[in-house]
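Asks: After the C-alpha cells below, expect a handful of questions from me.
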Amino acid sequence: MVNYEVTVSTASVIGATTFNNVFIKLVGTDGESDRSWLINLKGALAFTTGAVSSFNVSCPKSIGKLVLIELDKQRLPLFPQDNWFPAKVEVKSPEGDIYNFPVYRWIVDKEVERFREGKALRVLDDSHHLGKYTREQELKQREEDYRWDVYAEGIPHSIKAENPLSLPCEVRFSFTKTTEFLFTAASGLTELQLNGLADCTESWTDIEDINRVFCCKRTAISDYVQEHWKEDAFFGYQYLNGVNPILIRRCSALPKNFPVTNGMVCLPGQSSLEDEMKKGNIYLCDYKRLDDVKANTINGKQQYLMAPLVLLHKTPDDKLMPIAIQLKQTPGDDNPIFVPTDSEYDWLMAKIFVRSADFSEHQLNVHLLRTHLLAEVFAVSLLRNMPMVHPLYKLLIPHTRYTLQINYLARLLLISETGVFTEFAASGGEGMITILKRSLSSITYSSLCIPDDIAERGLEQMPNYYYRDDGLKLWDIIQRFVQGILSFYYKTDAEVQQDSELQRWISDISEHGFLSQPCPGIPQTFTTLAELVKFITMVIFTCSAQHSAVNTGQYDYGGWMPNTPISLQRPPPTTKGTTSEATMLQTFPDVNTTAQGMATMWLLSKQSSDFVALGQYPEEHFCEDVPCKLISEFQGELEILSTVINTRNKSLEVPYTYMDPTVLENSVAI
C-alpha cells in the first residue's frame, strides 16, 4: 500500500463550513483511488471556516501523476443541510511530488465535483488520460449553467436567470455582500434622512430647501461641488475628472450644426476661434446620441432631455472654460447659442440642461454599457468556454467577482419597468433602450483602450487631466502583467491561433456582446500574442479601473442635485432673457425624484466591506512560480502608483482618487 497525504483548506468566508461527511477520489495517469472518506482527529470540525486539515488516502500502488480529484459530501442524519466552500486541496504523493487543486466552488449534497491539478494548461497541452471525465464534459456542464439571455433587442446579451438564487453558487454574492447590499438598498432613503420626501411630488421652491436635504449626507467632494457648481471653471473641470471623462475631444473644425462665430465668444487677446483651434485649445462635447430621444413622464409630468453641443476653451492659465452651448442638435431661431456673457440664469440654465444630459450619457453609455454590460459578456463567455485549468480562466476569474449578480439586480431594481432609473430619470423607459442601442453601435475598440482613446480624442497635452494620467499608468502596469502571464503560456503566435477555447471565447464575445456588428477594430479572432495581450489588458482595465473611474464618484458629483439633475421638467428656453431663479427651481426634478436619485447614487458609490482591490488575489488559482512572482511584482507596481497618486493629491484643491489602486475594485461588483 502507498499513502497520499491530502490537505484540505476551507475558505475563510461566512457560511463555508460543513459538518457533513466529505469524500475524495484521486485520479492519476496510471489509475485512481477508491472514493475515500476524509476523517481525522478533528472529526466534525475538519471543514469549518478557515480550517486546514490533513488526511491519508491509501492505494494498493502508485497511480502515477495526479491530474484530477473528485469531491463530494453527504449530509449526516439529523444534521441540517449545508453547503461547503473549500478553497483548495493539496496532495503529496508517495514519490514526494506536491499537487495543487484550486477549488473555490460551493459543494452541495450528492453532487460529485471534479477539479484538475492547478498547473494552467491550454487545450493543446492537455494530453492526460482523465478516464470518463474530460475537458469537454466540464464545458458542457458550464454551458448548461451559464446560458445567454436577451434582455432587450440591440443591447449586449446577459446571463439567463430566474432570480438571484438561480445563479450558479460560485458567482453569487457572499453572505456579507448580500446582507450589506440589501440593507443599503432598503435603507438608502432612511440613511440619507429622506424618507419624508419619497412621496412628495411637488417642485422645489427654494434652493435652501435643497441644501437642507443635501446636508443629511455629504462627502468632501460633494461639499466642494455644492459650493462651486455654478462656476464655469468647475463645469469644464468635470469633463476631465468627473464621472464622465471620455466625452470631451479636441475640436479642429466646428460641426456644421453648431454655428458659433467669433463675435459670439470672448477669447484672450485678438485670437479667433480658428487661431485657437489651430493651437489645439478648443474642445467639443457632443451629446448627439440623445437627439430625439423620447423623454420620460414622471409624476404625470412630461420631462425634457436635450442633446447639447458644448464648446470649451483651454485658457492660458490652463483652465477649461465653456464658451458656447447649443441645447439641441438642429440650429434655428428657437435654439439659441448661449454664451457666458448672457444673463446669469440664461447661462446657468444652459449649463444645467447640459449637466442633466451628461447624467443620461454617463449612466447609460459610459457606466452601464461600457463597464457593466461588457463586463458581464466577458464573464459569461469566460465561464462558458474556459475550463478552470485554462490560464485565461485563472487570469480573468478574479475580475468577474459578483458581476453577474450585481447586473441581475441592476436589471431588476434600476432599469426594469418599475426600476428607479425607469421611473425617475428623464431617459428612463423607452428612451433608455434607444440610447443603449445607439451607444453600442458607436463603440470602437480604440474607445475601450485608454491609450488609443486619449490619442483619438486629442487629449494628450491637456493639463490637469488626472483620469488620463492615472489611467495610462494603470494601463501600462496591467499590460506588463498580462504580457508576462500570457507569454509564459503562449510561446508563439501559432499557439494562440490554435487554442480553440480561446477562439471560442472571443467569438462568443463578438456574437453576444457586440451582436456581430462591425464595431471598428474589435477582434473576432486572435492571430497574435500581441493582439491577445491588448484585449486582455482592455478587459481587466474595463472591469477594474474604468468602472471605478465612472462609478465611484457618483455621489460626490451627483449628491448635490443642481449639479447633476437626473431629470428636468420644463423645456429649455427658446429665447434669451426669459429665465430666473424661479424658472430654474420649476425646471429641477420634483422633490421625490431628487430623493430617489440621491439614494441610488449613494448606494452605487458605497464600497462593500468584502471589497477586493485591484491586484489582490485571495483565491490562489495560479500554482506555478512564474505567475506567482508576476502577481507579486504587479502588486508592488500598484503600491508605487498609489503612493504617487496620493502625493500628487495633497497639492490639489479637488483630489482625484478614483484610480488609486487601493480604492478601485478588481471587478464590477457594485
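Glycine residues also receive a Cβ, built from the backbone N, Cα and C atoms like all the rest.
Whatever TrEMBL says is automated annotation, not expert-curated.
Grabbed the feature section from TrEMBL, which reads as follows:
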- Gly15, Asp82: Ca(2+) 1 binding site (BINDING)
- Asn40: Ca(2+) 2 binding site (BINDING)
- His367, His372, His547, Ile670: Fe cation binding site (BINDING)
- 2-121: domain 'PLAT' (DOMAIN)
- 120-670: domain 'Lipoxygenase' (DOMAIN)
- Trp106: site 'Essential for stabilizing binding to COTL1' (SITE)
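Neighbours and distances for these, please.
Replies: Within 10 Å of the C-beta of Asp82 (Ca(2+) 1 binding site) we count 17 further C-beta atoms, all protein chains included.
On its own chain, Asn40 (Ca(2+) 2 binding site) has Ala46, Ser53, Ser54, Phe55 as residues at least 6 apart in sequence with a Cβ closer than 8 Å to its own Cβ.
Sequence-distant contacts of His367 (Fe cation binding site), defined by Cβ-Cβ distance under 8 angstroms and a gap of at least six in the same chain, are Val243, Val550, Asn551.
Residue counts for the domain 'PLAT' (2-121) under DSSP, helix first, then strand, then coil, are 3 helix, 56 strand, 61 coil.
Counting only same-chain residues six or more apart in sequence, the Cβ atoms lying under 8 angstroms from the Cβ of Trp106 (site 'Essential for stabilizing binding to COTL1') belong to Asn83, Trp84, Phe85, Cys169, Glu170.
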Asks: Could you round the CA separation between His372 (Fe cation binding site) and Gly15 (Ca(2+) 1 binding site) to a whole angstrom and send it over?
Replies: 28
Asks: In the same chain, which residues outside the set His367, His372, His547, Ile670 have their CB within 8 A of the centroid of the CB atoms that define the Fe cation site?
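Replies: Counting only non-site residues, the set is Leu368, Thr371, Ala375, Ile406, Val550, Asn551, Leu604, Val668.
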Asks: Report the same-chain neighbours of Ile670 (Fe cation binding site): residues 6+ apart in sequence with Cβ closer than 8 Å to its Cβ, ordered by sequence.
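Replies: When sequence neighbours closer than 6 are ignored, Ile670 (Fe cation binding site) has Tyr402, Ile406, Asn551, Leu604, Lys606, Gln607, Ser608 within Cβ distance under 8 Å.
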Asks: For His547 (Fe cation binding site), what is the tally of other C-beta atoms lying within 10 angstroms of its C-beta?
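Replies: The answer is 25.
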